[in-house]
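> OK, Swiss-Prot features for this one:
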type	residues	note
BINDING	Arg48, Arg54	NADP(+) binding site
BINDING	Arg125, Ser126, Ser127, Asn237, Ala238, Gly277, Lys292, Pro293, Thr294, Ser295, Ser296, Arg318	FMN binding site
Amino acid sequence: MPGNSFGQLFKITTFGESHGPSLGAVVDGCPAGLELTEADLQEALDRRKPGQNRYTTARREADQVKILSGVFEGVTTGTSIGLLIENTDQRSQDYSDIKDTFRPGHADYTYQHKYGVRDYRGGGRSSARETAMRVAAGAIADKLLRQQGIQVQAALTQMGDVVASNIDWQQVRENELFCGDANAVEAMQELIRQLKKEGDSIGAKIRVQATGVPPGWGEPVFDRLDADLAKALMSINAVKAVSVGDGFEVVSQRGSEHRDEMTPDGFLSNHAGGVLGGISSGQPIFADIALKPTSSIAISGRTIDRWGNEQAIVTKGRHDPCVGIRAVPIVEAMTSLVLADHWLRQRAHNLTAQTETPDISR
């Protein structure tokens, strides 16, 4: 099964299934000399882990990460960093009744066609449980980026019809929904309570931004910074759309409005989202991500079994009524992984590049 690795110079490979004994990751390319402890990674994992509040899945996992290699006396050695998280709260019996039945909207049907065999327990490899390792690896990337003055942060900006009118980043850090609008938080909480009563789910939208990225990062033409960012974000479970900058709003914009005019004192706008020609402009990089509502709900639906017979299905188990909540730290992690990779690529390929053009983004 290829497709389990991401990145070129800062590269991660993950392994493990939702109901297997453990999840793991190998991080290659981290420079030597970075101070790193399990506590650094745990802080990020605690923001993502299940069972933390009444608005997410009831599955409770400690998500205690272990650093197996690549760190000696609290400092990275430049060798591969091995990470491991043990699964401790599996309830595989929740899926025994549907082991031969395909859950609509999930990867059951497509995995069966691709491999001829699948782990039916919680989706196996296709489960969002895998993203715990992305968050752990992303925490390493984030620490590297912060040393360069770069900050990556994300927020829940929409849940169903409830839209946040603004993003107060301090507010994002203080509430369990990662939403930056206190008024929207209350409406979202009420929506989740209603969804739980109905046994249904809802979609969401997330905004991610990176500040402090200097001009020049990105590798045209196929490894454009925004292309790699879009791929990274689209690889997250349930993500169905990614837009960079003004995204789909550019359809109704005119060139005179959309172009980000420049003056000696800086850019006059940032419709491009901090990327021009696939290369960072030095302005804040931002993107929006749309996530579908989970199909694991308590409402009966139509499907088929592995032999093609029609079946009715009600998904048991413990699931998030809105996957967008716990996706926020995952979005941050994937963004950090992309930026760390492009930071190393810029150093490797263009370290001696010089220009007389001033950096007007500062």
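Including glycine, each Cβ sits where the backbone N, Cα and C put it.
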> Taking the Cβ of Arg48 (NADP(+) binding site) as the centre, how many other Cβ atoms fall within a 10 Å radius?
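For Arg48 (NADP(+) binding site), the count of other Cβ atoms within 10 Å is 24.
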> Rounded to an integer, what is the Cα-Cα distance in Å between Ser296 (FMN binding site) and Arg48 (NADP(+) binding site)?
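Taking the Cα atoms only, Ser296 (FMN binding site) lies 19 Å from Arg48 (NADP(+) binding site).
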> Enumerate same-chain residues with a sequence separation of six or more from Lys292 (FMN binding site) and a Cβ-Cβ distance below 8 A; give 'none' if the list is empty.
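Spatial neighbours, sequence-distant, of Lys292 (FMN binding site): Gly105, Gly203, Ala238, Val239, Lys240.
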> Within 10 Å of the Cβ of Thr294 (FMN binding site), how many other Cβ atoms can you find? Include all protein chains, please.
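Result for Thr294 (FMN binding site): 22 neighbouring Cβ atoms inside 10 Å.
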